[in-house]
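Asks: Okay, so TrEMBL annotates it like this:
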COMPBIAS  44-61  compositional bias 'Basic and acidic residues'
COMPBIAS  96-106  compositional bias 'Basic and acidic residues'
REGION    28-106  region 'Disordered'
TRANSMEM  195-217  transmembrane segment
TRANSMEM  229-249  transmembrane segment
TRANSMEM  255-273  transmembrane segment
TRANSMEM  294-318  transmembrane segment
TRANSMEM  338-362  transmembrane segment
TRANSMEM  374-392  transmembrane segment
TRANSMEM  538-560  transmembrane segment
TRANSMEM  566-584  transmembrane segment
TRANSMEM  596-614  transmembrane segment
TRANSMEM  649-669  transmembrane segment
Amino acid sequence: MDHDPRELKSWAKRTGFNSTFSAETTLSSLIDEGAEDAAPPPPTRRDAEFDLEKGIGRDRGNGAVSKVDMDPILGQRSAGAEINPLKDPDPVGLKDVGRRHEKEKQRSVVDIDVGLKEVRLEGNDRSMRANDEVIKGGRSGNGEAVAAIAPGNGEPKEEDLEIDFFGDSPDPHNSAPFKSGLTCDLLENQGFGRLVLYGIQQYLSLIGSLVFIPLIMVPTMGGTDGETANVISTVLLISGITTIVHSFFGTRLPLVQGSSFVYLAAALVIANSSEYRNLSENKFRHIMRELQGAIIVGSIFQTILGYSGLMSLILRLINPVVVAPTVAAVGLSFFSYGFPQAGSCIGISIPLILLILIFTLYLRKISIFGHHMFLIYAVPASLAIVWAYAFFLTAGGAYKYNSCSSNIPSSNILSDTCRKHALTMKRCRTDVSVALNTASWIRIPYPCQWGMPTFSFRTSIIMTIVSVVTSVDSIGSYHATSMFMSLRPPTPGVVSRGIGLEGLSGILAGLWGTGTGSTTLTENMHTLQSTKMASRKALAVGAVFLIICSFVGKLCAVLASIPLALAAAVLCFTWSLIVALGLSTMGYTQTASSRNTLIVGFTLFISLSVPAYFQQYPQDSVLVLPSYLVPYAAASEGPINTGSEGLNYALNSLLSLNMVVALLVAFILDNTVPGSRRERGAYIWSSSGISETDPSSLAPYLLPEKVGCLFRWAKWVGS
């Protein structure tokens with residue numbers, strides 16, 4: 001019989017019934033913990049038990065049905081669900097419950113034939129009865145699930161208990177993705193104009209991560225304003241190329257590739273070592289060539305780690321409890337640099353920080369032309385406003401001091417008064433940089449532009465370990481992105497493929513000389529949530545735009561002239577965002593677990609305390625380092641002494657890096673302290689049962705057919 005939709009909605013609220021059997025959530029939201037290790041026997045006419053991970057029902061033969069755990073990742077209750085048949089029927093007839101997408105006319109219906117007597121949720125004592133009914137779950141043309149209940153015979157049969165939440169698509173490459181409130185889906189094509197708009201906005205929202213690393217690193221390495229502009233040009237070029245390559249041959253998720261802050265910390269340690277600290281001639285090129293060689297070695301290791309299949313094995317030991325504190329430590333490691341640099345010119349840095357916070361927090365829900373403009377363009381808009389404000393302050397003489405010049409090195413200033421104001425003029429004025437005057441209009445970065453890379457054992461060890469940390473960071477980004485897009489978590493094989501390609505991208509970065517390796521930017525997740533844009537094509541179009549911009553020398557020179565205080569202010573927000581994104585990974589676990597909270601809390605504390613111990617040793621140098629660089633100068637003077645100078649350097653350097661200590665501690669604790677897979681959030685990250693049950697769920701990750709055949713030698717193929 002038919003029912004009023006309003007009555008059905010009211011009934012659904014009372015009983016907790018969810019009418020949308022989404023292909024993205026339902027299969028993993030009901031998992032029998034014992035189903036992973038036991039093969040399901042054939043079902044009988046009697047009491048049937050669901051095993052949704054394997055996609056079939058099974059009977060234990062004793063009339064008792066085990067509890068079904070809800071998936072904590074999807075926000076469901078984890079205990080209290082039983083499926084018990086009742087003898088006293090209470091039929092409920094439902095028809096066409098669900099929703100149909102307006103754009104799609106066709107619907108591929110997939111049957112879930114289960115003879116249910118009663119589903120009782122113990123947690124809230126609500127029940128849904130269905131006797132002599134067959135639940136039919138359907139999926140609309142856009143991939144969204146619908147459900148209906150049709151008459152049956154009330155007896156579970158073997159063919160009735162087969163569950164197929166996805167259905168086989170005749171062309172998995174062209175199948176519509178599942179929607180998750182996105183403006184533009186993974187495979188959606190909204191026209192060239194919109195693709196260009198979406199692609200450009202994606203990179204504008206990430207400008208802090210793409211541009212500001214050279215602004216910090218190059219001056220520390222002794223580089224000039226012109227060299228800063230050239231490094232920015234190189235970073236933009238490599239970011240564009242590697243993003244396109246990753247979109248087609250990596251995980252195929254819409255993730256921007258670029259310079260990582262993990263590599264920045266290691267680069268600052270190497271640049272502040274004793275042998276480079278006192279150099280006065282060609283200091284920048286010496287350090288850059290050393291970094292190039294170390295990055296190439298570390299990236300080769302990362303490539304082998306991915307394509308050999310080792311990452312598939314290691315992935316079983318890397319869970320959210322490991323990823324969360326490791327990523328958070330990346331942002332926390334720069335606390336001694338962030339505000340001390342921004343505070344050198346409070347007049348422009350404080351307004352910039354406040355403006356970013358106002359846009360991202362207080363005005364984030366304001367929509368203009370259907371877009372949350374303040375949230376999406378918070379960083380570039382705030383930077384442009386305050387940069388213009390700083391320009392007017394400079395033109396008005398706010399940072400001008402009589403008979404003092406900002407172009408004279410502070411070491412050559414004789415007047416004590418001018419020496420006192422030299423730092424303020426350098427950090428606050430907008431006309432200090434000479435890059436715009438010396439830069440050419442067109443400049444194309446090329447390999448080995450700083451000279452041939454130099455290779456050394458000690459720096460190669462540092463970058464090899466750092467490549468492992470960036471791999472862990474990327475694993476968290478892969479899973480968070482897939483969950484946000486309502487896709488199945490990437491399999492160990494897909495993760496290995498992405499890590500291997502990031503290694504190849506790092507080799508390109510080392511050859512061209514960006515100073516850092518290339519990896520998946522952690523901030524991608526915030527960008528996806530802000531822009532709601534997940535189109536692979538739009539990301540590629542934006543990457544082409546980025547490559548074109550890298551050839552415009554004057555544009556890179558303008559970016560290089562951003563006052564350092566403004567760059568540090570933006571990075572204060574960016575680093576805090578990385579901390580938040582890292583800790584949000586704990587949402588995939590049981591966050592109330594004392595085991596997890598103790599591991600994460602202890603790891604974060606130790607990741608700050610141990611490097612502080614290594615940084616307390618005095619630096620053997622005739623030059624006095626600024627306070628914000630002291631944490632990166634422990635490589636040569638640390639407490640470890642093994643008899644090998646190179647090994648001492650590497651170990652002291654690694655243990656002075658917060659994220660390395662965090663990864664080491666969290667990895668050991670999470671894999672030695674007892675805890676269930678559900679508690680640790682492990683099964684959703686490392687389980688391949690879903691892909692085995694329904695291979696079509698991996699369609700978004702599949703390589704193009706003509707390309708996939710070229711990679712059959714790789715160990716991750718088929719995993």
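Every residue gets a Cβ built from N, Cα and C, even glycine.
Any TrEMBL annotation is an automated prediction that lacks curation.
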Asks: Answer with yes or no whether the transmembrane segment (338-362) touches the transmembrane segment (374-392) by the criterion of at least three Cβ pairs under 8 A, sequence separation 6 or more.
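Replies: Contact confirmed: at least 3 Cβ pairs fall under 8 Å.
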Asks: Does the chain bring the transmembrane segment (195-217) near the transmembrane segment (294-318), so that three or more CB pairs sit under 8 Å (pairs 6 or more apart in sequence)?
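Replies: No, these stretches are not in contact.
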Asks: For the transmembrane segment (649-669), which partner among 229-249, 255-273, 538-560 gives the most CB pairs under 8 Å?
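Replies: Going through each listed stretch, the top one turns out to be 255-273.
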Asks: At a C-beta cut-off of under 8 Å, are there same-chain residues at least 6 beyond the transmembrane segment (255-273) that contact it? List them, or none.
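Replies: Tertiary neighbours of the transmembrane segment (255-273) are 202-203, 206, 209-210, 213, 216-217, 220-221, 235, 239, 242-243, 246, 287, 290-291, 294-295, 330-331, 333-334, 459, 462-463, 466, 469-470, 473, 477-478, 481, 502, 505, 509, 514-522, 524, 527, 539, 543, 575, 578, 625, 629, 632-636, 649, 653, 656-659.
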